[in-house]
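Here is the structure we will look at, set down as structure tokens.
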Amino acid sequence: MRPAWVLLAAVAALSAYYVYLPLPGTVSDPWKLMLLDATFRVVQQTCHLIHYLRLSHHLIALNYLIFTFDKLKSVSSEDINITDAIFDGVEVRVFEPPAKQDERLKRSVVYIHGGGWALASARTSLYNNLCRIMAESLNAVVVSVEYRLVPEVCFPEQFYDALRATKHFLQADVLAEYSVDPSRIAISGDSAGGNLAAAVCQQLSKDEHLAVRPKLQALIYPVLQAFDFNTPSYQQNMNMPVLPRYVMINYWIDYFNGNYDLAHSLLINNHTALDVSQAFSFRGHLNWTSLLPSSFKKNYKPVIQTTGKAEIIQEIPALLDVRAAPLLADNETLQLQPKTYVLTCENDVLRDDGVMYAKRLENAGVEVTLDHFDDCFHGCMIFTIWPTDFSAGIQTRNSYIRWLDENL
């Protein structure tokens with residue numbers, strides 16, 4: 001029996017070593033977050049092995065696992081009618097609360113899910129649950145956009161899917177079909193979905209022929225730029241669970257159908273060095289030394305290379321495309337944006353993307369609410385269902401829905 005106990009103790013010790021991560025003392029539910037991250041790493045490593053063996057692309061394998069364990073059928077309840085539809089060639093899932101007596105029109109939210117432009121779905125239980133609760137709490141029609149994913153398509157197709165679906169919904173006859181008030185529509189999304197929501201909102205604001213425009217935009221820990229991977233939050237949270245820096249860089253590379261060999265050059269900002277002329281005009285748009293408060297800047301220093309690799313921008317020009325990186329938009333575009341909500345988390349590489357965007361919008365005269373959470377982490381808002389239920393998820397979701405309820 002003794003060898004068995006020794007083996008069991010060794011396995012337990014190795015498991016604890018694999019699971020344990022040093023986390024800031026302010027992070028809520030730290031051990032649960034470590035277990036979630038360890039699960040993610042095991043699944044991702046398995047999918048990369050599948051990719052290495054040339055059995056399938058790692059993202060396809062990863063999404064297969066997500067769908068296998070988390071897919072939810074379109075089953076309506078007494079409270080919410082859930083249907084799938086096609087909006088201008090794009091799949092959407094629509095959540096409709098029942099009509100109330102003497103109520104003519106409802107408000108509405110167009111929601112774009114996250115997942116690095118490559119993972120998840122409007123049909124998974126995590127996003128189905130979020131959108132159902134939004135529809136119930138707000139008594140609103142929620143349209144969840146099922147845009148196509150990497151590697152099936154790459155940038156700019158995800159952007160165009162989200163744009164087409166949103167513009168289709170904003171047509172007068174479609175709004176009438178769903179009994180939606182055209183003056184009370186928000187566009188929203190989390191993470192990569194927040195990126196698409198911001199980019200779509202910018203595009204709609206410049207469309208002179210659009211009769212109906214969003215009243216609000218609500219961005220949940222959005223990814224908004226690939227210019228600087230050394231902002232204070234990228235430096236501070238480079239090894240944070242769920243979204244470490246190298247994973248975010250790989251998501252960008254996948255989105256642009258780029259080469260992973262570029263990852264290190266991107267990490268040290270070689271693509272936006274001082275001698276890369278294409279980057280020069282954008283530098284002031286995300287100068288975090290002036291856009292971030294001192295409490296976020298701390299003692300971090302900018303990483304600006306004197307000489308870099310201009311060929312990276314030549315190979316992937318989308319790195320400086322505002323449709324992919326809304327934070328690079330000019331002030332004239334920002335002035336056209338609607339009232340905005342930005343939710344950020346302290347323990348997130350993308351914290352400063354959201355904070356800088358909020359500040360630039362505010363400087364452009366847009367009314368902005370920056371809702372920052374010191375104890376929360378990237379992706380937390382969708383983790384509200386057992387076994388991935390976090391207090392951070394409930395906290396952020398309630399704050400987000402409360403803002404929508406008060407402003408939409």
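Cβ atoms here come from the backbone N, Cα and C positions, even for glycine.
Copied from TrEMBL, the annotated features are:
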type	residues	note
ACT_SITE	SER191	active site
ACT_SITE	ASP348	active site
ACT_SITE	HIS378	active site
DOMAIN	109-267	domain 'Alpha/beta hydrolase fold-3'
DOMAIN	321-381	domain 'Alpha/beta hydrolase fold-3'
Number of Cβ atoms other than its own within 10 Å, given for SER191 (active site): 30
As a whole number of Å, the Cα atom of HIS378 (active site) is distant from the Cα atom of SER191 (active site) by 8
Is it possible to list how many residues within the domain 'Alpha/beta hydrolase fold-3' (321-381) are helical, extended or coil according to DSSP? 22 helix, 19 strand, 20 coil
